[in-house]
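Only one structure is covered here, and it is reproduced in the block below.
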Amino acid sequence: MLRQAFPRKPIAPRTARAARVSSPARDIDIKEGAFMGFLAGKRILLTGLLSNRSIAYGIAEACKREGAELAFTYVGERFKERITEFATEFGSDMVYPCDVADDAQIDALFASLKERWDSLDSFVHSIGFAPREAIAGDFLDGMTRENFRVAHDISAYSFPALAKAALPMLKDGSSLLTLSYLGAERALPNYNTMGLAKASLEASVRYMAASPSLGGKGVRVNAISAGPIKTLAASGIKGFGKILNFVEENAPLKRNVTIGQVGNVAAFLLSDLSAGVSAEVVHVDAGFHAVGGGMGGEAE
């Protein structure tokens, strides 16, 4: 056994005033005046925040903790006040409307951002939608041309559409991130058409990363395939409680993941610490994706 050749130097205690940042994953003591996060100075746009249970909320927490400046989007006037309150919580007054089904709103979003920021370091695509009948029961029963179109338009096409509109603001070292799920790789109960859309989304990660417009200019593109988390979006999946239980029982770590844990990985992928990582789908699911077998028949 190799032993350490030199004794470790004791770490001197910090005397700066401490601030506590609460996270779903852990509490972290930050020493004001002595702490600089690995996202310090980074400007990041976050889409898809709906509640404090959203994965986007966990990402916002981690990014803010590491020193990033944040901007947010909302869909429809009824969500404006709620998202504005969340933005204030994260020290931001940058809140913009953006329905990704509307190209004009996508263009207007980046025109508005350009008025405040001369460049953009990253954006997080945390957007997905499929009609309820397209994610329940028999796959073919819920499959219609319109359901297929809507699921792919909102959940998959919107990621490269945002990237294309953001191009003038992106720079060497920018990082784009989207969120996927295991249903992109496996046929899972009650995911159906959304699984097809997520598979398309993951393919877009690879093609975007290889694009001369992005990868050729030093822009990285990655995805996180998060384990099941009880978010508002997940509430629309039939039998979701059984899915959570199954993953907890069968994942190598014998637990489900939290939005804070996903947020920590997202912060890493958005930072210069991951400068060598692109075209990757990173699983944050307590190892469940690596386990043989499936979830059985239709969840009820």
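Glycine is treated like the rest: Cβ placed from N, Cα and C.
Remember, TrEMBL labels are computer predictions, not curated facts.
Counting only same-chain residues at least 6 apart in sequence, those with a Cβ under 8 Å from the Cβ of VAL100 (NAD(+) binding site) are THR47, ILE106, ILE127, ILE154, SER158, ALA161, LEU162. Taken from TrEMBL, the feature NAD(+) binding site covers GLY48, SER54, ILE55, ASP99, VAL100, ILE127, LYS198, ILE229, LYS230, THR231, LEU232, ALA233.
If you look up TrEMBL, you'll see ALA130 marked as substrate binding site. Secondary structure from DSSP puts ALA130 (substrate binding site) in coil.
DSSP gives TYR181 (active site, proton acceptor) a coil state; it is part of no helix or strand. Within 10 Å of the C-beta of TYR181 (active site, proton acceptor) there are 25 other C-beta atoms, taking all protein chains into account. According to TrEMBL, the active site, proton acceptor annotation covers TYR181 (among others).
According to TrEMBL, the active site, proton acceptor annotation covers TYR191 (among others). Residue environment of TYR191 (active site, proton acceptor) contains 26 other Cβ atoms, counted within 10 Å of its Cβ in all protein chains.
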Pairwise Cα distance for LYS230 (NAD(+) binding site)/ALA130 (substrate binding site) [Å, integer]
17
Nearest of the recorded positions (GLY48, ILE55, TYR191, LYS198) to TYR181 (active site, proton acceptor) - Cα to Cα:
LYS198
Relative to the Cβ of LYS198 (NAD(+) binding site), which residues of the same chain, six or more apart in sequence, are found under 8 Å away?
GLY128, SER155, ALA156, SER180, TYR181, GLY183, ALA184
Within 10 Å of the Cβ of ILE55 (NAD(+) binding site), how many other Cβ atoms are there?
27
